[in-house]
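For reference, the structure discussed in these notes is given below.
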Amino acid sequence: MDSKRAWTVWGVGVFAYLIAVTQRTSFGVVGLEATARFSASASALSAFTVIQLLVYAGLQIPVGVLVDRFGPRVMIATGAALMTVGQIQLAAATSVPGGVVGRIFVGAGDAMTFISVIRLIPAWFPSRRVPLLTQLTGQLGQFGQLISIAPFALVLHAWGWSPAFLGLAGLGLVACVLSTAALRNAPEMSGPAVELAGIKETAEDLARAWQQPGTRLGMWSHFATQFAGNVFVMTWGYPFLVSGQGLDPTEASVLLSLFVVVGIICGPLLGGWVGRHPMRRSTMVLAVTFAITAAWLSVILYPGPAPLWLLVVLVLILALGGPASMIGFDFARTFNPSRRIGTATGIVNVGGFIAALITMYVVGLILDLLKNSGFSGGNLYSLDSFRIALSFQFIVLAIGVGAVIGMRNQVRRRMALAGETVPPLRQALADNARRRAQYRSELRAGRLAGRDTAGRDTAGKHDGGPAGQD
Ligand SMILES: N[C@@H](Cc1c[nH]cn1)C(=O)NCC(=O)O
């Protein structure tokens, strides 16, 4: 484990995920060309994204089960092949139904990628590295969005629709061939291949993964932290910044690209923190969710357009939701035995995407209703309409916070039955401060021989296991 081979497997997995994010986000930059090519209305065009995300979310649990059954390698390679077929179909399509079929293939292939790559990490690396590598996987994958924004858009404008989508299909093919050639589900020394579970055992595993409160704590953590950022980047952020807040399009694009930058800086920091404080993961989830709520409240309640610095703060905090949502996968890993990790990860990954889909749809619906009622004065994207429509997010955030607290209580009750109690945060902070002070005084007295460099007793805190930590 943790060998050159492990890093190669992880690198190829991250590459496959990055290419999947490129395929997923590619439609975001072709709006004008798609309108002309398909002679489609705005709502018909939005169907491309909504259907693709529905397929993605709907396949998470089946794919999770399949990853546990067949292993990540075949799933990642199949996912890349499906996305390749989808982009070839899109390159040739000239009607809305033809284009939607292409996006269905892309959504299905995309659905197979992330949870399979996440499944590779605990098989190849020691558990102390897993939180950080899981974070890095999530964040590095987001660079795929930049491939859509820059090289893909360039090819589209220089050579046109079909060559651009065929180029994406080519990337999918490369990911498929590389995954087949270089990925292995686990190191050879990890013992004989696990016997395939039958349908009955698979159904039992799915039920057990769901019944485990730690899995549902992960799902609600993903739900609470991820959706607001998704909604902003994928749909309403740009019109809100440009039409609602009066920013120019370049400023809005720069703000949107901050998401990738924040993720790559904060993801590893958060991953390291989670590795060191596994007992405080849900507290971090709640802190980020409260920060998102406070940021949106400040912008929505600000009289008139918000100052640029406040919009920057909003974007920075929304962007934190991406890395924070990865804590959900850490819950799935530490509360489930390894043969159920794929299934549990699939359940977790449904949370944020369902919340995002519902919010995207309802915000659009409210904007339409306000326009039709005459409230917007004919401007679909007026600031006051956005204030009302985007306030729907507070309902979703409140549901997320309530569910995280409820599931956390269930998890803690189970842990208490197993003899493990989580000290209150105030007491834990005081204990930490006391330990640090003791460590410093021991350091001064030169009595530290034999202790670890941090002077902490971290043994057993990273592995989790079905009892896990919250
Ligand atoms: N939480 C995201 C990944 C992420 C990290 N930073 C921003 N986004 C997630 O759930 N990813 C699943 C996927 O398929 O991309």
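Cβ atoms are placed via backbone N, Cα and C, with glycine included.
Marked as compositional bias 'Basic and acidic residues' by TrEMBL: 447-464.
Per TrEMBL, domain 'Major facilitator superfamily (MFS) profile' is recorded for 9-414.
The region 'Disordered' annotation in TrEMBL covers 447-470.
The transmembrane segment feature in TrEMBL is assigned to 7-25 (among others). Beyond its flanks by at least six residues, the transmembrane segment (7-25) meets 52, 56, 72, 76, 79-80, 83, 86-87, 106-107, 109-110, 113-114, 116-117, 120-121, 124-125, 133, 136-137, 140-145, 147-149, 152, 168, 171-172, 174-175, 178-179, 182-184, 234 of its own chain at Cβ-Cβ distances under 8 Å.
Sequence annotations record features per position, and here TrEMBL assigns transmembrane segment to 45-67 (among others). Note on the transmembrane segment (45-67): residues 24, 27-28, 31, 34-35, 38, 75, 96, 99-100, 103-104, 106-108, 110-112, 115-116, 119, 202, 205-206, 209, 234-235, 342-347, 349-350, 353-354, 356-357, 360-361, 364 of its chain, located 6 or more positions outside it, place their CB under 8 angstroms from a CB of the stretch.
Annotation comment: TrEMBL describes 100-121 (among others) as transmembrane segment.
Sequence-distant neighbours of the transmembrane segment (165-183) (same chain, 6+ residues past either end, Cβ-Cβ under 8 Å): 8-9, 12-13, 15-16, 19-20, 22-23, 26, 72-73, 76-77, 80-81, 83-85, 87-88, 90-91, 109, 120, 152, 155. Feature annotation from TrEMBL assigns transmembrane segment to 165-183 (among others).
The transmembrane segment feature in TrEMBL is assigned to 217-240 (among others).
Here TrEMBL flags 252-271 (among others) as transmembrane segment.
Annotation comment: TrEMBL describes 283-302 (among others) as transmembrane segment.
According to TrEMBL, the transmembrane segment annotation covers 308-329 (among others).
If you look up TrEMBL, you'll see 341-366 (among others) marked as transmembrane segment. Long-range neighbours of the transmembrane segment (341-366) within the same chain, counting only residues 6 or more positions beyond its ends whose Cβ lies under 8 Å from a Cβ of the stretch, are 46, 50, 53-54, 56-57, 60-68, 72, 114-116, 118-119, 122, 205-206, 209-210, 212, 215-216, 218-228, 230-231, 234-236, 325, 328-329, 331-333, 335, 385, 388-390, 392-393, 396, 400.
Same-chain residues lying 6 or more positions outside the transmembrane segment (386-405) and placing a CB less than 8 Å from one of its CB atoms are 217, 220-221, 223-225, 227-228, 231, 236, 239-240, 244, 282, 285-286, 289-290, 292-293, 296-297, 300, 355, 358-359, 362-364, 366-367, 370. Residues or ranges marked as transmembrane segment in TrEMBL: 386-405 (among others).
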For the domain 'Major facilitator superfamily (MFS) profile' (9-414), the mean pLDDT of the predicted model:
91
Short question: which residues 6 or more past the ends of the transmembrane segment (308-329) have a Cβ under 8 Å from it?
118, 134-135, 138-139, 142, 218-222, 225-229, 232, 241, 245, 247, 251, 255-256, 258-259, 261-263, 266-267, 270-271, 274, 281, 284-285, 288-289, 291-292, 294-296, 298-299, 302, 345, 348-349, 351-352
What same-chain residues lie close to the transmembrane segment (252-271): Cβ under 8 Å, and 6 or more beyond its ends?
131-136, 138-140, 142-143, 145-146, 149, 229, 232-233, 237-238, 241-242, 284, 311-312, 315-316, 318-320, 322-324, 326-327
Tertiary contacts of the transmembrane segment (100-121) (same chain, 6+ residues out, Cβ under 8 Å):
9-10, 13-14, 16-17, 20, 23-24, 27, 47-49, 51-57, 59-60, 63-64, 66-68, 72, 75-76, 78-90, 93, 129-130, 133-134, 137-138, 141, 172, 183, 185, 329, 341-342, 345-346, 349
